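Q: Before I ask anything, let me first share the structure, which is written out below as structure tokens.
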Amino acid sequence: MGHERALARAGLGPVAGCDEAGRGACAGPLVAAAVILDDRRSGRIAGLADSKTLSAAKREALFNVIMDKALAVSWVRVEADECDRLGMQEADISGLRRAVVRLGVEPGYVLSDGFPVDGLTVPDLGMWKGDSVCACVAAASIVAKVARDRIMIAMDAEIPGYDFAVHKGYATALHQRRLKELGPSRQHRMSYANVRRAARLHSS
């Protein structure tokens, strides 16, 4: 939490970290999360790292610890049709901005993974590999990933046949086969070329 502590010492705390999950998927929502940690209140959370480097079981365990110990946590869904309408970059920024606003605690500074979050009323900084070097961004990465995985597992029951619980909406070989067999569902992002190809195949 070196970056967070430095900002707090400069009078810019509390510091929120934000990140998303599902940007590269061709189905399902993008989920954006924001987290404010407070190690003075509840101690440091061991094991925080980029969610992509952790097993599903480890992410779930850390999610529960984050929810218990963080000063504030929020996440929002940006649905597939909104991703199509806005484009992924703007959908990403919009989701992160909403997640920060919904924290319930106004941060003094916001750190994000990769690029800054335009439109905030507080200063912010996009950090290269922020989910690997900032504890609050890593925590947001884990929250976003776990929340989205749970959404995709539930979606698998609501829209059977696509195996959403397995591939989580990403364009794996299995998902591509299901798209070819069934065509797109209402949860697919029509702005993606592989989804449009499947739609054309099933409209001919």
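Heads up, the Cβ atoms here are built off N, Cα and C, so glycines get one too.
Pulled these from Swiss-Prot:
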type    : residues             : note
DOMAIN  : 13-204               : domain 'RNase H type-2'
BINDING : ASP19, GLU20, ASP113 : divalent metal cation binding site
Q: Could you tell me which of these binding-site residues, ASP19, GLU20, ASP113, has the greatest number of Cβ atoms within 10 Å of its own Cβ?
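A: Checking each of ASP19, GLU20, ASP113, the winner is ASP19.
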Q: If you take the centroid of the Cβ atoms of ASP19, GLU20, ASP113, the listed divalent metal cation site, which other residues of that chain have their Cβ within 8 Å of it?
A: CYS18, ALA21, ALA32, ALA33, LEU96, SER112, GLY114, GLY130, ASP131, VAL137, ALA140, SER141, ALA144
Q: Return one of helix, strand or coil for ASP113 (divalent metal cation binding site), based on DSSP.
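A: In the DSSP reduction, ASP113 (divalent metal cation binding site) maps to strand.
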Q: So what's the average pLDDT for the domain 'RNase H type-2' (13-204)?
A: 94
Q: Any idea what DSSP makes of ASP19 (divalent metal cation binding site), helix, strand or coil?
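A: Once the DSSP labels are grouped into three classes, ASP19 (divalent metal cation binding site) ends up as strand.
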